[in-house]
């Protein structure tokens, strides 16, 4: 599953569900990057004047916009064809959401294509799906729905945290912005009603890469999504001088309206 859209020649055997999941996760990271942190570059590359274009997530966590494979049948399932044609006929956010939905469908088809090719049995397919299903979809990351659902789950004694900085603490002083701060993973698992673990881990996902907590976060003042500093190229020192932070998606949307 190395290189390009997939692999050439016969696949190495055996392959496990974990191998296929790693490939899925890497391609997913590339697609999320295209639709969030690299959205301006992606928008320009999807020129409606060009031929039918596809968005590919690659196994090295990068992405590319390219023409579909020429061979029939293709080596791997192909992404949605002609995503560039709808670009100027839709609201930008709606267009990105549509591309995200098709990207989710493509990711699943590639993963289970590998599963079929590697001869996964029922239990292996179930294990693969469970690992995939534990991640937010590309659509959920791009639209922010993965973080909106648990928004009403407000920690009782954590009412203040800095907008940017290191890992949030429940010993912070009161402030109304606390529900926006992603909860620490170890505390999510240990606290909850009736002594059961809380399911707040989705609220601690980066709006760019969809992964969990990191050392430094920054919150967009417009869409209120949280981002790893490294994903949006903001350092703690730089963040100290930002009065109002706007993420790449909100910046490009505002530019489009202007």
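Here the Cβ of each residue, glycine as well, is placed from N, Cα and C on the backbone.
As annotated by TrEMBL, region 'Disordered' applies to 145-201.
What TrEMBL lists as compositional bias 'Basic and acidic residues' is 146-155.
Annotation comment: TrEMBL describes 156-169 as compositional bias 'Low complexity'.
Annotation source TrEMBL lists compositional bias 'Acidic residues' at 186-197.
According to TrEMBL, the feature domain 'PHD-type' maps to 203-253. Under DSSP, the residues of the domain 'PHD-type' (203-253) split into helix, strand and coil as follows: 12 helix, 6 strand, 33 coil.
Taken together, the residues of the domain 'PHD-type' (203-253) have an average pLDDT of 78.
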